[in-house]
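What TrEMBL says about this protein:
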type     : residues : note
DOMAIN   : 2-218    : domain 'Glutamine amidotransferase type-2'
ACT_SITE : 2        : active site, nucleophile
DOMAIN   : 286-426  : domain 'SIS'
DOMAIN   : 458-595  : domain 'SIS'
ACT_SITE : 600      : active site, for Fru-6P isomerization activity
Ligand code: M6R
(Lines of atoms letter the chains of each structure in order from A and count residues from 1; the text may use other names and numbers.)
(Lines give C-alpha, C1' and ligand atoms only; values in the text may rest on other atoms or scores of the structure.)
Protein backbone atom coordinates (compact mmCIF):
# COMPACT_ATOMS: atom_id res chain seq x y z
CA UNK A 1 0.00 0.00 0.00
CA UNK A 2 1.10 3.61 0.32
CA UNK A 3 4.28 4.45 2.17
CA UNK A 4 5.40 7.53 4.07
CA UNK A 5 8.90 8.61 4.99
CA UNK A 6 9.99 11.92 6.52
CA UNK A 7 13.09 13.53 8.04
CA UNK A 8 14.07 16.64 9.96
CA UNK A 9 17.67 17.32 10.95
CA UNK A 10 20.87 18.62 9.44
CA UNK A 11 21.51 16.14 6.63
CA UNK A 12 20.75 16.59 2.94
CA UNK A 13 17.20 15.30 2.99
CA UNK A 14 16.42 14.31 -0.62
CA UNK A 15 18.84 11.33 -0.96
CA UNK A 16 17.80 10.16 2.47
CA UNK A 17 14.10 10.23 1.61
CA UNK A 18 14.66 8.56 -1.76
CA UNK A 19 16.52 5.75 -0.02
CA UNK A 20 13.64 5.46 2.45
CA UNK A 21 11.15 5.26 -0.44
CA UNK A 22 13.22 2.50 -2.03
CA UNK A 23 12.97 0.54 1.19
CA UNK A 24 9.20 0.91 1.01
CA UNK A 25 9.01 -0.17 -2.64
CA UNK A 26 8.12 -3.68 -1.56
CA UNK A 27 4.77 -2.52 -0.25
CA UNK A 28 3.58 -2.06 -3.84
CA UNK A 29 2.86 1.36 -5.37
CA UNK A 30 2.28 3.23 -8.60
CA UNK A 31 3.70 6.74 -8.10
CA UNK A 32 5.91 8.63 -5.70
CA UNK A 33 6.73 12.16 -4.61
CA UNK A 34 8.88 14.25 -2.31
CA UNK A 35 8.66 17.73 -0.81
CA UNK A 36 11.50 19.45 1.03
CA UNK A 37 12.47 22.67 2.76
CA UNK A 38 15.06 23.98 5.20
CA UNK A 39 15.06 26.63 7.93
CA UNK A 40 16.63 29.15 5.54
CA UNK A 41 14.50 28.29 2.48
CA UNK A 42 11.71 30.57 1.37
CA UNK A 43 9.21 27.81 0.63
CA UNK A 44 8.60 24.18 -0.27
CA UNK A 45 10.14 22.36 -3.24
CA UNK A 46 8.27 19.38 -4.63
CA UNK A 47 8.78 16.68 -7.28
CA UNK A 48 6.31 13.90 -8.15
CA UNK A 49 6.33 11.10 -10.70
CA UNK A 50 4.11 8.29 -11.86
CA UNK A 51 5.93 4.95 -11.74
CA UNK A 52 8.76 3.71 -9.59
CA UNK A 53 11.10 5.49 -7.19
CA UNK A 54 13.76 5.51 -9.93
CA UNK A 55 11.37 7.57 -12.09
CA UNK A 56 11.05 10.08 -9.26
CA UNK A 57 14.80 10.08 -8.70
CA UNK A 58 15.35 10.87 -12.38
CA UNK A 59 13.11 13.94 -12.07
CA UNK A 60 14.75 15.36 -8.93
CA UNK A 61 16.88 18.36 -10.01
CA UNK A 62 20.62 18.43 -9.19
CA UNK A 63 20.11 21.43 -6.91
CA UNK A 64 17.45 20.19 -4.56
CA UNK A 65 18.89 20.98 -1.16
CA UNK A 66 16.97 20.89 2.08
CA UNK A 67 17.12 19.46 5.58
CA UNK A 68 13.41 18.75 6.21
CA UNK A 69 11.14 16.71 3.99
CA UNK A 70 8.36 14.21 3.55
CA UNK A 71 7.95 11.67 0.77
CA UNK A 72 5.39 9.11 -0.31
CA UNK A 73 4.78 6.06 -2.46
CA UNK A 74 1.14 5.85 -3.57
CA UNK A 75 -1.10 2.84 -4.24
CA UNK A 76 -4.08 4.32 -6.05
CA UNK A 77 -7.50 4.29 -4.40
CA UNK A 78 -9.05 7.64 -5.47
CA UNK A 79 -7.94 8.54 -8.99
CA UNK A 80 -5.63 6.72 -11.39
CA UNK A 81 -1.86 6.62 -10.94
CA UNK A 82 -0.53 9.94 -12.33
CA UNK A 83 1.87 12.77 -11.48
CA UNK A 84 -1.09 14.89 -10.32
CA UNK A 85 -2.53 12.23 -8.04
CA UNK A 86 0.85 11.33 -6.55
CA UNK A 87 1.52 12.68 -3.04
CA UNK A 88 2.58 15.10 -1.57
CA UNK A 89 -0.33 17.45 -2.24
CA UNK A 90 0.03 21.21 -1.86
CA UNK A 91 -2.50 23.98 -1.23
CA UNK A 92 -2.97 26.77 -3.79
CA UNK A 93 -0.24 28.95 -2.21
CA UNK A 94 2.19 26.05 -2.07
CA UNK A 95 2.68 26.48 1.66
CA UNK A 96 1.09 23.30 3.06
CA UNK A 97 2.22 19.81 2.00
CA UNK A 98 0.53 16.58 3.03
CA UNK A 99 1.31 12.90 2.50
CA UNK A 100 -1.36 10.46 3.55
CA UNK A 101 -1.92 6.72 3.86
CA UNK A 102 -5.45 5.41 4.36
CA UNK A 103 -8.81 6.52 3.01
CA UNK A 104 -10.86 9.61 3.85
CA UNK A 105 -14.40 8.23 3.73
CA UNK A 106 -16.18 11.62 3.59
CA UNK A 107 -13.80 13.09 0.98
CA UNK A 108 -16.56 13.59 -1.62
CA UNK A 109 -18.67 15.59 0.79
CA UNK A 110 -15.71 17.65 2.03
CA UNK A 111 -14.54 18.29 -1.52
CA UNK A 112 -18.00 19.55 -2.55
CA UNK A 113 -18.02 22.01 0.37
CA UNK A 114 -14.52 23.24 -0.41
CA UNK A 115 -15.30 23.62 -4.12
CA UNK A 116 -18.43 25.61 -3.21
CA UNK A 117 -16.12 27.88 -1.19
CA UNK A 118 -13.97 28.45 -4.26
CA UNK A 119 -11.16 25.97 -3.66
CA UNK A 120 -9.62 24.62 -6.83
CA UNK A 121 -8.56 20.96 -6.71
CA UNK A 122 -5.56 19.75 -8.67
CA UNK A 123 -5.97 16.00 -8.12
CA UNK A 124 -8.70 13.39 -7.84
CA UNK A 125 -7.41 12.15 -4.49
CA UNK A 126 -9.23 12.05 -1.18
CA UNK A 127 -6.05 13.37 0.46
CA UNK A 128 -6.21 16.77 -1.18
CA UNK A 129 -9.19 17.81 0.98
CA UNK A 130 -6.92 17.54 4.01
CA UNK A 131 -4.38 19.94 2.50
CA UNK A 132 -7.02 22.59 1.90
CA UNK A 133 -8.53 22.10 5.34
CA UNK A 134 -5.12 22.67 6.95
CA UNK A 135 -4.41 25.66 4.71
CA UNK A 136 -7.77 27.31 5.47
CA UNK A 137 -7.56 26.81 9.23
CA UNK A 138 -7.32 30.07 11.15
CA UNK A 139 -5.58 28.33 14.08
CA UNK A 140 -2.26 29.80 15.17
CA UNK A 141 0.02 26.77 15.37
CA UNK A 142 0.57 24.04 12.80
CA UNK A 143 -0.49 21.46 15.39
CA UNK A 144 -3.83 23.21 15.87
CA UNK A 145 -4.34 23.61 12.14
CA UNK A 146 -3.81 19.87 11.59
CA UNK A 147 -5.97 18.98 14.58
CA UNK A 148 -8.77 21.21 13.31
CA UNK A 149 -8.54 19.70 9.80
CA UNK A 150 -8.62 16.16 11.16
CA UNK A 151 -11.77 16.95 13.11
CA UNK A 152 -13.64 17.20 9.77
CA UNK A 153 -12.25 13.94 8.48
CA UNK A 154 -13.88 10.51 8.74
CA UNK A 155 -11.81 7.50 7.76
CA UNK A 156 -8.30 6.21 8.25
CA UNK A 157 -5.05 8.05 8.07
CA UNK A 158 -1.38 8.01 8.69
CA UNK A 159 -0.48 11.55 7.77
CA UNK A 160 2.55 13.85 7.72
CA UNK A 161 2.23 17.60 7.24
CA UNK A 162 4.77 20.34 6.48
CA UNK A 163 4.11 24.07 6.35
CA UNK A 164 6.41 26.71 4.84
CA UNK A 165 5.65 29.07 7.75
CA UNK A 166 6.61 26.37 10.29
CA UNK A 167 9.71 24.96 8.66
CA UNK A 168 11.18 23.82 12.00
CA UNK A 169 8.73 20.94 12.32
CA UNK A 170 6.76 18.09 10.78
CA UNK A 171 3.38 17.25 12.30
CA UNK A 172 2.13 13.67 12.00
CA UNK A 173 -1.04 11.87 13.04
CA UNK A 174 -2.33 8.32 13.08
CA UNK A 175 -5.76 6.77 12.85
CA UNK A 176 -5.83 3.25 11.45
CA UNK A 177 -2.67 3.56 9.33
CA UNK A 178 0.78 2.97 10.87
CA UNK A 179 3.05 5.87 11.80
CA UNK A 180 6.44 5.14 13.37
CA UNK A 181 8.86 7.79 14.65
CA UNK A 182 12.60 7.14 14.48
CA UNK A 183 14.82 8.87 17.00
CA UNK A 184 18.31 9.88 15.87
CA UNK A 185 21.12 12.14 17.15
CA UNK A 186 19.74 15.65 16.69
CA UNK A 187 17.51 14.34 13.92
CA UNK A 188 14.09 12.70 13.72
CA UNK A 189 12.57 10.35 11.19
CA UNK A 190 9.03 9.29 10.50
CA UNK A 191 7.75 6.42 8.36
CA UNK A 192 4.80 4.16 7.86
CA UNK A 193 7.06 1.12 8.16
CA UNK A 194 10.23 0.52 10.16
CA UNK A 195 11.84 -0.79 6.95
CA UNK A 196 12.41 2.84 5.96
CA UNK A 197 14.08 3.69 9.28
CA UNK A 198 16.32 0.82 10.32
CA UNK A 199 19.35 1.91 8.30
CA UNK A 200 19.38 5.17 10.34
CA UNK A 201 18.07 4.34 13.77
CA UNK A 202 16.66 1.41 15.70
CA UNK A 203 15.10 3.56 18.41
CA UNK A 204 11.46 3.92 17.51
CA UNK A 205 8.14 5.11 18.87
CA UNK A 206 4.95 3.70 17.35
CA UNK A 207 2.01 6.10 17.44
CA UNK A 208 -1.34 4.80 18.64
CA UNK A 209 -4.59 5.52 16.84
CA UNK A 210 -5.79 8.99 17.82
CA UNK A 211 -2.24 10.15 18.53
CA UNK A 212 -0.29 12.98 16.89
CA UNK A 213 3.35 14.04 17.13
CA UNK A 214 5.46 17.09 16.44
CA UNK A 215 8.94 16.31 15.15
CA UNK A 216 11.72 18.84 15.41
CA UNK A 217 15.41 18.20 14.71
CA UNK A 218 16.36 17.85 18.35
CA UNK A 219 13.14 16.82 20.00
CA UNK A 220 9.67 15.36 19.56
CA UNK A 221 6.46 15.24 21.52
CA UNK A 222 3.33 13.16 21.24
CA UNK A 223 -0.23 14.09 22.15
CA UNK A 224 -3.78 13.04 21.39
CA UNK A 225 -5.82 14.56 18.60
CA UNK A 226 -7.58 16.40 21.42
CA UNK A 227 -4.27 17.96 22.46
CA UNK A 228 -3.42 16.18 25.75
CA UNK A 229 0.20 15.07 26.07
CA UNK A 230 0.91 11.31 25.84
CA UNK A 231 3.92 9.33 27.02
CA UNK A 232 6.04 7.96 24.23
CA UNK A 233 8.30 5.12 25.29
CA UNK A 234 10.95 4.37 22.65
CA UNK A 235 11.65 0.71 21.87
CA UNK A 236 14.57 -0.87 20.06
CA UNK A 237 13.91 -2.64 16.78
CA UNK A 238 15.42 -6.13 16.84
CA UNK A 239 15.78 -6.56 13.07
CA UNK A 240 19.09 -5.49 11.50
CA UNK A 241 19.12 -3.14 8.49
CA UNK A 242 20.84 -5.92 6.46
CA UNK A 243 17.81 -8.18 6.88
CA UNK A 244 16.06 -5.85 4.44
CA UNK A 245 18.74 -6.33 1.75
CA UNK A 246 18.61 -8.92 -1.02
CA UNK A 247 21.76 -10.66 0.28
CA UNK A 248 23.02 -11.95 -3.08
CA UNK A 249 19.66 -13.34 -4.28
CA UNK A 250 17.98 -12.07 -7.45
CA UNK A 251 14.68 -11.48 -5.70
CA UNK A 252 13.42 -11.07 -2.15
CA UNK A 253 11.07 -13.99 -2.73
CA UNK A 254 13.99 -16.30 -3.44
CA UNK A 255 15.91 -14.95 -0.47
CA UNK A 256 12.94 -15.46 1.84
CA UNK A 257 12.19 -18.99 0.60
CA UNK A 258 15.85 -19.85 1.17
CA UNK A 259 15.82 -18.48 4.73
CA UNK A 260 13.15 -20.84 5.99
CA UNK A 261 15.33 -23.35 7.81
CA UNK A 262 16.82 -20.56 9.94
CA UNK A 263 13.47 -18.84 10.33
CA UNK A 264 11.86 -22.03 11.69
CA UNK A 265 14.78 -22.51 14.02
CA UNK A 266 14.04 -19.01 15.40
CA UNK A 267 10.36 -19.63 16.05
CA UNK A 268 11.26 -22.76 18.04
CA UNK A 269 14.18 -21.24 19.94
CA UNK A 270 13.71 -20.99 23.69
CA UNK A 271 10.17 -22.31 23.58
CA UNK A 272 10.56 -26.08 23.94
CA UNK A 273 10.19 -27.59 27.40
CA UNK A 274 11.56 -31.16 27.28
CA UNK A 275 10.85 -31.79 30.94
CA UNK A 276 7.08 -31.64 30.46
CA UNK A 277 7.07 -32.41 26.72
CA UNK A 278 5.40 -29.11 25.99
CA UNK A 279 6.28 -25.57 24.93
CA UNK A 280 6.45 -22.27 26.81
CA UNK A 281 4.45 -19.46 25.30
CA UNK A 282 4.72 -16.76 27.93
CA UNK A 283 3.16 -14.04 25.81
CA UNK A 284 -0.22 -15.76 25.58
CA UNK A 285 -1.31 -14.32 28.94
CA UNK A 286 -3.47 -17.39 29.37
CA UNK A 287 -3.05 -19.57 32.46
CA UNK A 288 -3.72 -23.31 32.54
CA UNK A 289 -7.15 -22.91 34.12
CA UNK A 290 -8.19 -20.40 31.45
CA UNK A 291 -6.77 -22.63 28.71
CA UNK A 292 -8.85 -25.54 29.98
CA UNK A 293 -11.96 -23.37 29.88
CA UNK A 294 -11.71 -22.70 26.13
CA UNK A 295 -14.63 -24.31 24.29
CA UNK A 296 -13.78 -23.22 20.75
CA UNK A 297 -10.97 -21.58 18.84
CA UNK A 298 -11.71 -19.21 15.98
CA UNK A 299 -8.79 -18.11 13.82
CA UNK A 300 -9.02 -14.96 11.69
CA UNK A 301 -6.63 -13.81 8.98
CA UNK A 302 -6.49 -12.82 5.32
CA UNK A 303 -4.85 -14.38 2.26
CA UNK A 304 -1.85 -16.47 3.15
CA UNK A 305 -2.32 -15.84 6.87
CA UNK A 306 -5.83 -17.23 6.59
CA UNK A 307 -4.43 -20.38 4.97
CA UNK A 308 -1.88 -20.68 7.79
CA UNK A 309 -4.80 -20.26 10.19
CA UNK A 310 -6.66 -23.14 8.49
CA UNK A 311 -3.73 -25.44 9.19
CA UNK A 312 -3.57 -23.97 12.70
CA UNK A 313 -7.21 -24.82 13.32
CA UNK A 314 -6.64 -28.41 12.22
CA UNK A 315 -3.61 -28.69 14.51
CA UNK A 316 -5.51 -27.30 17.49
CA UNK A 317 -8.46 -29.59 16.89
CA UNK A 318 -6.22 -32.61 16.39
CA UNK A 319 -3.77 -32.04 19.25
CA UNK A 320 -5.84 -30.16 21.82
CA UNK A 321 -9.23 -31.63 20.86
CA UNK A 322 -10.82 -28.19 20.93
CA UNK A 323 -13.23 -27.49 18.06
CA UNK A 324 -11.43 -24.94 15.89
CA UNK A 325 -11.90 -23.27 12.57
CA UNK A 326 -10.46 -20.43 10.52
CA UNK A 327 -12.33 -17.72 8.64
CA UNK A 328 -11.20 -14.81 6.48
CA UNK A 329 -11.17 -11.80 8.81
CA UNK A 330 -12.48 -9.71 5.92
CA UNK A 331 -15.72 -11.75 5.93
CA UNK A 332 -16.02 -12.26 9.67
CA UNK A 333 -16.14 -8.57 10.49
CA UNK A 334 -19.07 -7.93 8.16
CA UNK A 335 -21.38 -10.75 9.19
CA UNK A 336 -22.31 -9.72 12.72
CA UNK A 337 -20.86 -12.91 14.21
CA UNK A 338 -22.00 -14.38 17.50
CA UNK A 339 -19.17 -13.64 19.92
CA UNK A 340 -18.92 -16.32 22.54
CA UNK A 341 -17.06 -15.69 25.83
CA UNK A 342 -15.71 -19.28 25.88
CA UNK A 343 -14.18 -18.97 22.43
CA UNK A 344 -10.53 -18.08 22.04
CA UNK A 345 -10.09 -15.79 19.03
CA UNK A 346 -6.74 -15.77 17.27
CA UNK A 347 -5.84 -13.02 14.79
CA UNK A 348 -3.08 -13.96 12.33
CA UNK A 349 -1.11 -11.42 10.36
CA UNK A 350 2.43 -11.16 9.06
CA UNK A 351 2.42 -7.36 9.02
CA UNK A 352 0.18 -6.96 12.03
CA UNK A 353 -1.38 -4.03 10.18
CA UNK A 354 -3.90 -5.62 7.80
CA UNK A 355 -6.95 -3.45 8.20
CA UNK A 356 -9.55 -6.21 7.90
CA UNK A 357 -7.83 -8.23 10.61
CA UNK A 358 -7.33 -5.22 12.86
CA UNK A 359 -10.97 -4.20 12.46
CA UNK A 360 -12.09 -7.75 13.35
CA UNK A 361 -9.88 -7.67 16.46
CA UNK A 362 -11.27 -4.29 17.51
CA UNK A 363 -14.84 -5.48 17.02
CA UNK A 364 -14.13 -8.62 19.07
CA UNK A 365 -12.47 -6.63 21.85
CA UNK A 366 -15.41 -4.22 21.92
CA UNK A 367 -17.67 -7.24 22.49
CA UNK A 368 -15.49 -8.50 25.34
CA UNK A 369 -13.80 -11.40 23.55
CA UNK A 370 -10.30 -12.64 24.36
CA UNK A 371 -8.09 -12.23 21.30
CA UNK A 372 -4.59 -13.57 20.75
CA UNK A 373 -2.32 -12.31 17.98
CA UNK A 374 -0.02 -14.51 15.89
CA UNK A 375 2.06 -11.83 14.24
CA UNK A 376 5.47 -11.32 12.66
CA UNK A 377 6.06 -7.57 13.05
CA UNK A 378 6.88 -6.75 16.65
CA UNK A 379 4.89 -3.86 18.08
CA UNK A 380 2.49 -3.75 15.12
CA UNK A 381 -1.12 -2.64 15.58
CA UNK A 382 -2.60 -6.16 15.89
CA UNK A 383 0.14 -7.24 18.31
CA UNK A 384 -0.62 -4.22 20.49
CA UNK A 385 -4.38 -4.57 20.27
CA UNK A 386 -4.44 -8.28 21.19
CA UNK A 387 -4.69 -9.54 24.79
CA UNK A 388 -1.62 -11.68 24.24
CA UNK A 389 -0.08 -13.83 21.57
CA UNK A 390 3.07 -15.02 19.96
CA UNK A 391 5.53 -13.57 17.50
CA UNK A 392 6.46 -15.86 14.63
CA UNK A 393 10.03 -14.49 14.38
CA UNK A 394 10.36 -14.99 10.63
CA UNK A 395 12.43 -11.79 10.28
CA UNK A 396 11.43 -9.04 7.85
CA UNK A 397 9.48 -10.30 4.85
CA UNK A 398 9.94 -7.85 2.00
CA UNK A 399 8.50 -9.66 -1.04
CA UNK A 400 4.81 -8.88 -1.55
CA UNK A 401 4.00 -12.57 -1.50
CA UNK A 402 4.41 -14.32 1.77
CA UNK A 403 6.56 -17.46 2.05
CA UNK A 404 8.70 -17.72 5.17
CA UNK A 405 6.02 -16.06 7.26
CA UNK A 406 3.50 -18.68 6.16
CA UNK A 407 5.83 -21.47 7.22
CA UNK A 408 6.72 -19.83 10.52
CA UNK A 409 3.09 -19.04 11.28
CA UNK A 410 2.13 -22.67 10.78
CA UNK A 411 4.98 -23.73 13.08
CA UNK A 412 3.78 -21.15 15.62
CA UNK A 413 0.33 -22.76 15.46
CA UNK A 414 1.89 -26.18 15.99
CA UNK A 415 3.45 -24.76 19.16
CA UNK A 416 0.15 -23.29 20.29
CA UNK A 417 -1.66 -26.56 19.58
CA UNK A 418 0.95 -28.54 21.47
CA UNK A 419 0.78 -26.11 24.39
CA UNK A 420 -3.03 -26.31 24.57
CA UNK A 421 -2.93 -30.06 23.98
CA UNK A 422 -0.53 -30.72 26.85
CA UNK A 423 -2.68 -28.62 29.18
CA UNK A 424 -5.61 -30.81 28.16
CA UNK A 425 -5.43 -34.43 27.04
CA UNK A 426 -2.39 -34.80 24.80
CA UNK A 427 -0.15 -37.48 26.33
CA UNK A 428 3.47 -36.99 27.33
CA UNK A 429 4.55 -39.45 24.65
CA UNK A 430 2.65 -37.58 21.95
CA UNK A 431 4.11 -34.32 23.25
CA UNK A 432 7.58 -35.84 22.98
CA UNK A 433 6.89 -37.23 19.52
CA UNK A 434 5.78 -33.81 18.25
CA UNK A 435 8.71 -32.00 19.83
CA UNK A 436 11.05 -34.41 18.05
CA UNK A 437 9.17 -33.69 14.83
CA UNK A 438 9.43 -29.94 15.34
CA UNK A 439 13.17 -30.20 15.96
CA UNK A 440 13.63 -32.06 12.66
CA UNK A 441 11.96 -29.32 10.63
CA UNK A 442 14.94 -27.00 9.91
CA UNK A 443 17.09 -29.85 8.54
CA UNK A 444 14.17 -31.22 6.51
CA UNK A 445 13.48 -27.77 5.04
CA UNK A 446 17.14 -27.51 4.04
CA UNK A 447 16.79 -30.91 2.33
CA UNK A 448 13.73 -29.72 0.37
CA UNK A 449 15.50 -26.55 -0.72
CA UNK A 450 18.27 -28.70 -2.23
CA UNK A 451 15.74 -30.05 -4.76
CA UNK A 452 15.29 -26.58 -6.29
CA UNK A 453 16.87 -27.50 -9.65
CA UNK A 454 14.51 -30.41 -10.09
CA UNK A 455 11.50 -28.19 -9.20
CA UNK A 456 12.75 -25.52 -11.60
CA UNK A 457 12.67 -28.03 -14.49
CA UNK A 458 9.11 -29.04 -13.65
CA UNK A 459 8.08 -25.39 -13.32
CA UNK A 460 9.44 -24.59 -16.77
CA UNK A 461 7.24 -27.32 -18.17
CA UNK A 462 4.13 -25.86 -16.54
CA UNK A 463 4.96 -22.23 -17.28
CA UNK A 464 2.79 -22.13 -20.42
CA UNK A 465 -0.36 -23.46 -18.71
CA UNK A 466 -3.52 -21.35 -18.92
CA UNK A 467 -4.84 -22.72 -15.70
CA UNK A 468 -3.88 -25.18 -12.98
CA UNK A 469 -5.76 -27.25 -10.42
CA UNK A 470 -4.50 -27.83 -6.86
CA UNK A 471 -5.99 -30.57 -4.73
CA UNK A 472 -5.45 -31.84 -1.22
CA UNK A 473 -7.44 -33.64 1.42
CA UNK A 474 -7.90 -32.46 5.03
CA UNK A 475 -4.33 -31.43 6.05
CA UNK A 476 -3.40 -31.13 2.39
CA UNK A 477 -6.27 -28.84 1.44
CA UNK A 478 -4.95 -25.60 2.99
CA UNK A 479 -1.57 -26.45 1.46
CA UNK A 480 -3.29 -26.68 -1.95
CA UNK A 481 -5.08 -23.37 -1.35
CA UNK A 482 -1.88 -21.60 -0.39
CA UNK A 483 0.07 -23.08 -3.32
CA UNK A 484 -2.59 -21.98 -5.78
CA UNK A 485 -2.63 -18.47 -4.29
CA UNK A 486 1.17 -18.26 -4.61
CA UNK A 487 1.02 -19.31 -8.26
CA UNK A 488 -1.76 -16.82 -9.11
CA UNK A 489 -0.09 -13.94 -7.32
CA UNK A 490 3.22 -14.04 -9.13
CA UNK A 491 2.69 -15.93 -12.40
CA UNK A 492 -0.87 -14.68 -13.09
CA UNK A 493 -1.79 -18.22 -14.15
CA UNK A 494 -5.36 -18.95 -13.18
CA UNK A 495 -5.41 -21.57 -10.45
CA UNK A 496 -8.16 -23.35 -8.53
CA UNK A 497 -7.78 -25.23 -5.27
CA UNK A 498 -10.24 -27.93 -4.26
CA UNK A 499 -10.46 -30.56 -1.56
CA UNK A 500 -9.57 -33.76 -3.42
CA UNK A 501 -12.76 -35.24 -1.98
CA UNK A 502 -14.80 -32.66 -3.93
CA UNK A 503 -13.37 -33.51 -7.35
CA UNK A 504 -16.23 -35.80 -8.29
CA UNK A 505 -18.74 -33.19 -7.24
CA UNK A 506 -17.90 -30.86 -10.09
CA UNK A 507 -14.32 -29.84 -10.88
CA UNK A 508 -13.57 -33.21 -12.51
CA UNK A 509 -15.39 -31.74 -15.51
CA UNK A 510 -12.42 -29.44 -16.06
CA UNK A 511 -9.80 -32.18 -16.22
CA UNK A 512 -8.15 -32.57 -19.64
CA UNK A 513 -4.53 -32.68 -20.85
CA UNK A 514 -4.24 -28.89 -20.89
CA UNK A 515 -5.13 -28.53 -17.20
CA UNK A 516 -2.31 -29.80 -14.97
CA UNK A 517 -3.16 -30.84 -11.42
CA UNK A 518 -0.88 -30.43 -8.43
CA UNK A 519 -1.85 -33.00 -5.83
CA UNK A 520 -0.79 -33.05 -2.18
CA UNK A 521 -0.38 -36.72 -1.34
CA UNK A 522 1.04 -37.26 2.15
CA UNK A 523 1.67 -40.70 3.61
CA UNK A 524 -1.18 -40.48 6.08
CA UNK A 525 -4.45 -42.25 6.77
CA UNK A 526 -5.88 -40.75 3.56
CA UNK A 527 -3.16 -41.95 1.18
CA UNK A 528 -5.32 -44.50 -0.62
CA UNK A 529 -8.15 -42.00 -1.05
CA UNK A 530 -5.71 -39.49 -2.52
CA UNK A 531 -4.35 -42.12 -4.86
CA UNK A 532 -7.87 -42.85 -6.05
CA UNK A 533 -8.21 -39.17 -6.97
CA UNK A 534 -4.99 -39.41 -8.99
CA UNK A 535 -6.45 -42.43 -10.84
CA UNK A 536 -9.55 -40.44 -11.68
CA UNK A 537 -7.48 -37.57 -13.08
CA UNK A 538 -5.22 -39.91 -15.05
CA UNK A 539 -8.26 -41.67 -16.51
CA UNK A 540 -9.23 -38.27 -18.00
CA UNK A 541 -5.69 -37.77 -19.40
CA UNK A 542 -4.91 -35.06 -16.89
CA UNK A 543 -1.25 -34.28 -16.16
CA UNK A 544 -0.30 -34.65 -12.48
CA UNK A 545 2.44 -33.24 -10.29
CA UNK A 546 2.36 -34.91 -6.88
CA UNK A 547 3.97 -33.60 -3.73
CA UNK A 548 4.34 -36.74 -1.70
CA UNK A 549 6.49 -38.74 0.68
CA UNK A 550 7.27 -41.29 -2.03
CA UNK A 551 7.02 -41.56 -5.81
CA UNK A 552 3.43 -41.68 -7.05
CA UNK A 553 3.14 -43.92 -10.07
CA UNK A 554 0.04 -42.21 -11.45
CA UNK A 555 1.80 -38.84 -11.38
CA UNK A 556 3.84 -37.46 -14.27
CA UNK A 557 6.20 -35.92 -11.72
CA UNK A 558 6.58 -36.44 -7.99
CA UNK A 559 8.36 -34.03 -5.69
CA UNK A 560 9.35 -36.19 -2.74
CA UNK A 561 9.49 -34.38 0.59
CA UNK A 562 10.84 -35.80 3.87
CA UNK A 563 8.29 -37.40 6.18
CA UNK A 564 7.69 -35.87 9.60
CA UNK A 565 5.00 -36.54 12.18
CA UNK A 566 1.71 -36.72 10.27
CA UNK A 567 0.28 -33.64 12.01
CA UNK A 568 3.33 -31.60 10.96
CA UNK A 569 3.44 -32.76 7.32
CA UNK A 570 1.64 -29.68 5.94
CA UNK A 571 4.51 -27.47 7.12
CA UNK A 572 6.92 -29.16 4.74
CA UNK A 573 4.61 -29.88 1.81
CA UNK A 574 4.03 -26.20 1.08
CA UNK A 575 7.71 -25.37 0.59
CA UNK A 576 8.39 -27.05 -2.80
CA UNK A 577 5.23 -25.38 -4.09
CA UNK A 578 6.60 -21.96 -3.19
CA UNK A 579 9.57 -22.84 -5.40
CA UNK A 580 7.21 -24.13 -8.10
CA UNK A 581 5.36 -20.79 -8.15
CA UNK A 582 8.65 -18.90 -8.09
CA UNK A 583 10.23 -20.75 -11.03
CA UNK A 584 7.01 -20.76 -13.05
CA UNK A 585 6.78 -16.96 -12.68
CA UNK A 586 10.48 -16.57 -13.43
CA UNK A 587 10.14 -18.63 -16.62
CA UNK A 588 7.27 -16.35 -17.62
CA UNK A 589 9.36 -13.22 -17.04
CA UNK A 590 7.17 -11.84 -14.23
CA UNK A 591 8.20 -9.10 -11.80
CA UNK A 592 8.23 -11.50 -8.88
CA UNK A 593 8.77 -9.15 -5.96
CA UNK A 594 6.20 -6.66 -7.18
CA UNK A 595 3.23 -8.53 -8.63
CA UNK A 596 0.73 -6.36 -10.42
CA UNK A 597 -2.10 -4.79 -8.40
CA UNK A 598 -0.86 -6.19 -5.09
CA UNK A 599 0.58 -4.56 -2.00
CA UNK A 600 2.49 -6.06 0.88
CA UNK A 601 0.30 -4.84 3.64
CA UNK A 602 -3.30 -3.97 2.98
CA UNK A 603 -3.99 -1.16 5.41
CA UNK A 604 -7.24 -0.07 3.76
CA UNK A 605 -10.59 -1.84 3.47
O1 M6R B 1 0.19 -9.06 6.66
P2 M6R B 1 -0.90 -10.11 6.59
O3 M6R B 1 -0.41 -11.46 6.88
O4 M6R B 1 -2.08 -9.74 7.45
O5 M6R B 1 -1.40 -10.06 5.10
C6 M6R B 1 -2.52 -10.80 4.71
C7 M6R B 1 -2.60 -10.92 3.21
O8 M6R B 1 -2.81 -9.66 2.62
C9 M6R B 1 -1.34 -11.56 2.60
O10 M6R B 1 -1.07 -12.80 3.18
C11 M6R B 1 -1.50 -11.72 1.09
O12 M6R B 1 -2.43 -12.71 0.80
C13 M6R B 1 -0.14 -12.00 0.46
N14 M6R B 1 -0.06 -11.35 -0.81
C15 M6R B 1 0.14 -13.45 0.32
O16 M6R B 1 1.21 -13.79 -0.47
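Placed from the backbone N, Cα and C atoms, the Cβ positions cover glycine too.
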Item checked: Helix, strand and coil counts within the domain 'SIS' (458-595) (DSSP) -> 65 helix, 26 strand, 47 coil
Notebook entry, point to check: Reported as an integer number of Å, what is the Cα distance between the residue listed as 'active site, nucleophile' and residue 600 (active site, for Fru-6P isomerization activity)?
Noted result: 10
Notebook entry, point to check: How do the residues of the domain 'SIS' (286-426) split into helix, strand and coil according to DSSP?
Noted result: 64 helix, 28 strand, 49 coil
